[in-house]
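Database features, via TrEMBL:
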type: TRANSMEM; residues: 54-77; note: transmembrane segment
type: TRANSMEM; residues: 89-109; note: transmembrane segment
type: TRANSMEM; residues: 130-150; note: transmembrane segment
type: TRANSMEM; residues: 207-226; note: transmembrane segment
type: TRANSMEM; residues: 246-265; note: transmembrane segment
type: TRANSMEM; residues: 286-310; note: transmembrane segment
type: TRANSMEM; residues: 330-353; note: transmembrane segment
type: TRANSMEM; residues: 403-425; note: transmembrane segment
type: TRANSMEM; residues: 437-457; note: transmembrane segment
type: TRANSMEM; residues: 463-481; note: transmembrane segment
type: TRANSMEM; residues: 502-521; note: transmembrane segment
type: DOMAIN; residues: 502-551; note: domain 'Cationic amino acid transporter C-terminal'
type: TRANSMEM; residues: 533-550; note: transmembrane segment
Amino acid sequence: TLIMSNSMKKLSSYLHSLSQTPHRLRKRMLATWTPDQEFNQVRHRSGADMKRKLNWYDLVALGVGGMLGVGVFVTTGSVSLHHSGPSVFISYIIAGISALLSSLCYTEFAVQVPVAGGAFSYLRLTFGEFFGYFAGANILMEYVFSNAAVARSFTEYLSIAFGENDPNVWRVEVHGLPKDYNMLDFPAVAVILILTLFLCHSTKESSVLNLIMTVFHVIFFGFIIIAGYCNGSAKNMVNPKGLAPFGVRGVLDGAAIVYFSYIGYDSASTMAEEVKDPFKSLPIGIVGSVLITTLLYCLMSLSLCMMVPYNKISEKASFSMAFLKIGWSWASNLVGAGASLGIVASLLVAMLGQARYLCVIGRARLVPSWLAKVHPSTGTPLNATVFLGICTASIALFTELDIIIELISIGTLLVFYMVANALIYRRYVITGHAPPSHTLLFLFLLSLSALCFSIAWKFKQQWWGLVLFGGFMIAITAFYQHVMLNTTIAQHSQQQQQQQHWSVPFMPWPPSISIFLNVFLITTLKTLSFQRFAIWACFITIFYVLYGVHNTYEAEEIEMGGVSVVGDEMNSSVHNLQTKVEIQVY
């Protein structure tokens, strides 16, 4: 009877909360925080602080290690075969430029707000709670799905290392399941669970392990590059159908897909709470890792295309199979072992980053608060690490790589697009005190012209449309820069900011170009990617409306005395219940 009574009270309280949804959405959707609140009030909800043990070289190694295994070993073969041909290295350059511009935006935010939330915290501070939540949910989706995809690729390369030529030899086929979900991958599950247990122990030890693996990984990359150039032929770069057999469109389509390869750099920004000197280390770590990785990607993809004509590149375990085709079977096994090591390093970094994202989202009460707890002895977000490890392992067990790569790309590009917008708004409006209407109009026109240019390109419209919209983007950016430079408040603020912290140079051009490139690359993706993303976007929005907004409203508006709400007795009982749950979990 007591259990039934408590259940009815909870149901009644929840129904009452639902009846106030419109009011709560108005109060919370665009609610923002200050950096000081993020540092102190919100961070303390995790209980213990994360321990500051990392240096700049740790961040470079984390960024490089997080990106290398993902890109080269997972996407290069497929993109070469179906999209870019031998010009896949150009796809990597285009994606790398876009990633570099996005990394500059991330770096300024990370230096100003060195907390673990990455894009979630940056957007919540700038545009409000819902935008931060939407970005955070997409980043988490990207992390979990990409880690699952990479773990399945680990199984393929590991089987090659042991002399097996069939990438599916260690998978178990279940005939009752649908196609693309019927190859169960238990080695992928095993490596994810082992890394999850390791990450629960300590961040510094995890970083040292990654540093060691990354050094070996770069040496191993050097072997592949040199061996490829020595045994390859420049003729394979133009045979059988030229450098770009699928045309310029194929190169750009490939760039949108290989963008998946650059998601590791934002892991470095999520480590901001654990860096000894964030103002110096974060710019070096984030930007440096993107530059190093882009160079290695280009050299690796060139090496692959020189060894084997693009139409004979294997879609799975492409580097190992390339060495097998040139008669170096021993090298094929070595590449399989080295690729497996690199994939483990990238998994380690990505799983390190995803737990920090979820921890900070839990601090904001947008997900259950027990996910925000930091273990007092290890200084790691234990609950978030275990929860996401189980989710990743579950997806890796069933789902084929092809299903999720483009979904990951669209989510990644959208979040980086949002961060670039947020940087412009924060620099000129929040910090510079310029009128918000001017900046919002500029951002709207910039995005609209980028979208029109991209659509004209996608549907092969007249060339004058490309010139018109491209010229318009350049003109409005130059005009906006002129207007902002003549705003004395903004000028003074920027000069003061540049004296104190690292900031993006040549504003607003880098984030503006980033906005254009992200929009352009999004439009090159397939329609199915947009359909799957729309389903995901609807799901996370419904979760926010039914759970997130009510939890944050009770945490921020009621617990902190922000507003008085009808039904004081109900709110008191909800608060007491939340407190009890948090104490029990802690």
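Using N, Cα and C of the backbone, Cβ positions are placed for all residues, glycine too.
If you look at the transmembrane segment (286-310), the same-chain residues 6 or more away from its ends with a CB under 8 A from one of its CBs are 59-60, 62-64, 66-68, 71-72, 76-77, 80-81, 85-86, 88-89, 92-93, 96, 99-100, 103-104, 106-107, 110, 218, 221, 224-225, 227-229, 231-234, 236-237, 239-240, 245, 258, 261-262, 264-266, 268-269, 318-319, 322-323, 325-326.
Counted over residue pairs separated by six or more positions, the transmembrane segment (533-550) shares at least 3 Cβ pairs under 8 angstroms with the transmembrane segment (130-150), which defines the two as touching. Relative to the transmembrane segment (130-150), the listed stretch 246-265 leads the set 89-109, 207-226, 246-265, 463-481, 502-521 in CB pairs under 8 A. Residues in the domain 'Cationic amino acid transporter C-terminal' (502-551) partition by DSSP class (helix H, G, I; strand E, B; coil) as 40 helix, 0 strand, 10 coil.
The stretch with the most CB contacts under 8 Å to the transmembrane segment (54-77), chosen from 89-109, 207-226, 246-265, 463-481, is 246-265. Annotation: stretch 246-265 has the most Cβ pairs under 8 Å to the transmembrane segment (89-109), among 207-226, 246-265, 330-353, 463-481. The listed stretches are 207-226, 246-265, 463-481; of these, 207-226 has the most Cβ pairs under 8 Å to the transmembrane segment (330-353). Mean model confidence of the domain 'Cationic amino acid transporter C-terminal' (502-551) amounts to 88 (pLDDT, 0 to 100 scale).
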